[in-house]
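What follows is a set of notes on a single structure, which appears directly below.
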Ligand SMILES: N[C@@H](CCC[C@H](N)C(=O)O)C(=O)O
């Protein structure tokens, strides 16, 4: 069976999008998702995105990391999907309802309200979460932010000095986090301007992580080290994140369609 796909990206965080609203898509296993995402033997992407019917929203967006695991939220893919859809829409995700629309230079997404305490991020054993008693080689006392998916946010003097390629997988897979975690390392580089690197759960170092930018910006606002709107500079470029205490997060930034193609489903089944 031949399946059409759209290759997209948001600041270089790239996606294969399958639109099951206009073509039949067989059941997706972790093996199929990882096969499609494989950069040598598949099409290649950080996340596989599958759009389908929803009973409660305009449509549903499912998200699979390149390791094949299905997850709750993806900020950059939400903007890519906004570009594809072309008009404002409420979208159902496993992490909650989001609403997306086109904006100048890309798209803007209401990502919902953040949740801040570790109660929303399952931990394997009891710890005093007011001051996390864990540290990983200089990275300590992370803030927990759930923006649909779980993030640990570390503020450091110089994010570039942290070897995230080494520490990222260690923290992601720490036994403390039974569902693993996205790892964000940020520094303040000017007023209301953060520099951020992200080790993504299930995908590794990416050029940008939209939910990571949201989590880090709201953590910085809550900590009093930035005010909304916050510019977040990632390796792939900038996102603007707006949030007031008690409100929902708005993320604005670019989205790009790279190319379209089709593949034989059985090649990955
Ligand atoms: N790249 C994404 C986040 C994708 C999911 C994440 N790796 C997770 O496992 O929660 C983004 O732009 O937000």
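Counting begins at 1 with the first residue displayed.
Using N, Cα and C of the backbone, Cβ positions are placed for all residues, glycine too.
Residues within less than 8 Å, Cβ to Cβ, of residue 182 (substrate binding site) and separated from it by at least 6 positions along the same chain comprise 149, 150, 151, 152, 172, 198, 199, 200, 201, 209, 211, 212, 215. According to TrEMBL, the feature substrate binding site maps to 13, 47, 65, 75, 76, 149, 182, 200, 201, 210, 211.
The active site, proton donor annotation in TrEMBL covers 74. Listed in sequence order, the residues of the same chain lying 6 or more apart from residue 74 (active site, proton donor) and placing their CB within less than 8 Å of its CB are 15, 47, 49, 61, 63, 149, 210, 211. Residue 74 (active site, proton donor) carries neither a helix nor a strand DSSP state and counts as coil.
Look at TrEMBL and you will find 74 tagged as active site.
Residues or ranges marked as active site, proton acceptor in TrEMBL: 209.
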Packing count at residue 211 (substrate binding site) (other Cβ atoms within 10 Å of its Cβ)
31
Please determine which of the binding-site residues listed here (13, 65, 76) has the lowest count of neighbouring CB atoms within 10 Å.
65
Sort residue 13 (substrate binding site) into helix, strand or coil using the DSSP assignment.
strand
